[in-house]
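These come from TrEMBL:
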TRANSMEM  67-86  transmembrane segment
DOMAIN    70-459  domain 'Major facilitator superfamily (MFS) profile'
TRANSMEM  106-130  transmembrane segment
TRANSMEM  163-184  transmembrane segment
TRANSMEM  196-216  transmembrane segment
TRANSMEM  223-243  transmembrane segment
TRANSMEM  307-330  transmembrane segment
TRANSMEM  337-355  transmembrane segment
TRANSMEM  367-393  transmembrane segment
TRANSMEM  405-425  transmembrane segment
TRANSMEM  431-451  transmembrane segment
């Protein structure tokens, strides 16, 4: 998460704003929806046992191919997130020369980090946006500031123009990961949800790699850095365009009382034979019109505080602890196993890094320990701590609070990420690599213990089964 801010709404005002808007503008539609949805649920409840226990066993799992293209489209948001994280690496020197702030380390640091402030804003309000307009429009709203911000950065004539462009881009960056994770969770068949969840992490890595490759000529070719920013507008425009033809989340549609539209979305995503079972399963937890606006205070202090705490802590430990393997292992070994193995491997990796800085190690062996520790850390992180938390938490949260709870948890990611990036070099200088790496190893060990005690395994379970396991009726 990031900096806390009180710009537009205070925590209490968020819930009031949503509540007033829903009940003021849509009061008639809302009451009609409640009546219609309850009738619809009752009809499905009568067939629940047969649909879930009979038909689904006879016909097997739905085809993964139906939702595959839509997962790829959603992953463009993660690709853009990775691209904008890395685009500044190869271009900063050229930008500072052309915009006349070369040597001003504070200005250079602002160009790098101001997108984190925008990311915090985007992440904070992502849940509110999704709940109000749905995923398709939210993805398009995510693409818009990235297109505007990229264009502003590419045409910047001074430092202020560049900073404003990066702030706009950061807003889209904050929206993107939340939207992609939630959408993938809600439209994927349960048996491949883990695999599809890894796509967002892979897309982020591909975006980062692409920005580095495109940015290589920046130091030798005058004005190339502007092209690097123009290029990023293309996938953002494609995201906005292709989302127009993608299905809305059936979970969101059902919560809005649009049961017929939810059926149509399930048919597009899963196929006709699976619609009744999916709707019956969905009705068990969502209960249509009985859901009310969720306030921030309820997430932090109410019935759902435990899962929100787990989510926020996992993201914080992810950053304080420092992908294709996860793609293959997520649905085979399970989320909890990967997290424990990943954080354990990172403990060893940080231990090697700390040992390499110790006076007990000879200079000839120091480089082997350091490089070995770094490689092990990257491997361990990419298998579990990197891709698993966002998918796991989107599975754990009940549909009623999923979007807003994820925005709260991801806000912790932006905050801790900001301070780690801000303080790392300073701490390295002040306390040295031995102590610093020992601190990181300790956080990794804390993460192992935390996962063992608190995290529920979600492999192969439907979203409704997970909700029932985590939040038994009061």
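Cβ atoms are placed via backbone N, Cα and C, with glycine included.
Here the transmembrane segment (431-451) lies next to the transmembrane segment (337-355) in space: the count of CB pairs under 8 Å, restricted to residues six or more apart, reaches at least 3. Within the same chain, residues 71, 74-75, 77-78, 80-81, 84-85, 110-111, 114-124, 126-127, 129-130, 135, 138-139, 141-146, 148-154, 156, 193, 196-197, 199-200, 203-204, 229, 232, 236, 249, 390-391, 394, 402-403, 406-407, 410, 414 sit at least 6 positions outside the transmembrane segment (163-184) and bring their C-beta atoms closer than 8 Å to a C-beta of that stretch. Non-local neighbours of the transmembrane segment (337-355) in the same chain are 314, 317, 321-322, 326, 329-330, 361, 369-370, 372-374, 376-377, 379-381, 383-386, 388-389, 392, 433-434, 437-438, 440-441, 444-445, 447-448, 451-452, 455, 457; each lies 6+ residues outside the stretch with a CB under 8 Å from one of its CB atoms. Nonlocal intrachain contacts for the transmembrane segment (223-243), taken as residues 6+ away from its ends with a CB within less than 8 angstroms of a stretch CB, comprise 73, 76-77, 79-80, 83-84, 87, 90-91, 94-95, 98, 136, 139-140, 142-144, 146-147, 150-151, 153-155, 165, 169, 172, 211, 214-215, 217. For the domain 'Major facilitator superfamily (MFS) profile' (70-459), the model gives a mean pLDDT of 82.
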